[in-house]
Amino acid sequence: MNIQLICETENSQNFTALCKEKGLTHDPASVLALVQTETDGEVRLELRKLDEPKLGAVYVDFVAGTMAHRRKFGGGRGEAIAKAVGVKGNELPSVIDATAGLGRDAFVLASIGCRVRLVERHPVVYLLLQDGLRRAYADPEIGEMMQKNMQLLPVHHITELNPFEDFADVVYLDPMYPHKQKSALVKKEMRVFQYLVGADSDSNLLLEPALKLAKKRVVVKRPDYAEFLAEKAPQFSRETKNHRFDIYSVNV
């Protein structure tokens, strides 16, 4: 993939090696840039849309900001995603998040106590997520929990996983879906992210391998206006204000 690769820190060797490993090539004409920068003494990776600097940078931060607030003051076990994957009482299902993205839904589940393995196929998003996890693992408050409950797998698609060895209670899918125009502008950060990733044109191909990996259920997060994934009706759905969780039970 071609993208601008910019290093604003003194040590560029690690950044160069990471980009090479993921097949990223510097393209000075690209409006997107993956940047290694340093803020308050901490090195991190950011995604920037250079022609729209007001949109700000996209980076993964599980330690502070929105995610820290959600961990401390969010709904916890009462959150819709927790109910959708089957968190109940002492039951904390193991989860494969097969479309990990920036890791936010996985973080909610990990904070509750679920063990979540993440799969992300886009090389830039993979590096952003890997970088966010690296910093979270080193945090004195949540580092131990994160190392135990959130693991980024060295694969890029769930078809690379072996159903006889790499199964989980739940496989979670949240494929990118074309947003309605008014909702696409709600979060500036999402505009940058969607410009990079676009819609998952082959997302319908995720359901069958997900069903093979799941021991109990597959949970698919969809906008409330979206059709069922792969045009396959779920056993039931949980609805929220703007989304729904379609739930496909295994062995029913």
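Including glycine, each Cβ sits where the backbone N, Cα and C put it.
Residues or ranges marked as S-adenosyl-L-methionine binding site by Swiss-Prot on the basis of sequence analysis: ARG104, ASP105, GLU120, ARG121, ASP174. According to its DSSP assignment, GLU120 (S-adenosyl-L-methionine binding site) is coil. The Cβ of GLU120 (S-adenosyl-L-methionine binding site) has THR99, ALA100, GLY101, TYR126, LEU129, LEU152, HIS156 as same-chain neighbours under 8 Å, each 6 or more residues away in sequence.
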Collapsed DSSP category at ASP174 (S-adenosyl-L-methionine binding site): coil
Span of the S-adenosyl-L-methionine site, taken as the largest CA to CA distance across ARG104, ASP105, GLU120, ARG121, ASP174 (Å, rounded to a whole number): 17
Where ARG104 (S-adenosyl-L-methionine binding site) falls in three-state DSSP terms: helix
